[in-house]
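Quick look at what TrEMBL annotates:
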- 69: active site (ACT_SITE)
- 104: active site (ACT_SITE)
- 121: active site (ACT_SITE)
- 221-243: compositional bias 'Basic residues' (COMPBIAS)
- 204-243: region 'Disordered' (REGION)
């Protein structure tokens, strides 16, 4: 019988521009295909150190199995490591459709004053976005517009911190440094919060979930540690990614 072909892992070439390199990574992820089976092939525990998650990403490249949104974020981080001009950070969405809530996550990208994203979804316009958005809020509002096409209303947006380029780092990814309850906010207010956060990120003055500003929403009003608070949504992260 014919063995299924294993897509080659993309290699960065000096002749490539960053947008071309990101496109090569996204093309590779699309070749792995979206996992429609209902079984998740790789366990991603969000609280694991970055080094452990990078081992899982290596495994993804070896196994070449279909992936979902959370796995795509980890794989995107792994493949963009070693490109210091490319900053990576998680963007999570909670949406509402037909009486149900859905969770989805993509990898936000910031490079040379522009924003874009990498990711995987059932919907082609809810994963990668070109590196052309001047502000973080422009990128987020673009996702919101895409969601509208599928009659999903965005309830919450969570933005994490830049992920270090050190693949052996023992620190976990900060998944939700900023939580915006966008369905209860004016668009101007959302933009203001996102732009302040983006500016702080670029200046690298934010530290993982240490101090909670009033704009952030505490999970269920309890003051849990960041690691325990992060653990709860991970099981649902892509389970209901109808996006």
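Note that Cβ sites are derived from N, Cα and C of the backbone, with glycine treated the same way.
Of the listed active-site residues, namely 69, 104, 121, the sparsest CB environment within 10 A is found at 121. Cα of residue 69 (active site) to Cα of residue 104 (active site): a distance of 7 Å.
In this structure the C-alpha atoms belonging to residue 121 (active site) and residue 104 (active site) are separated by 8 Å.
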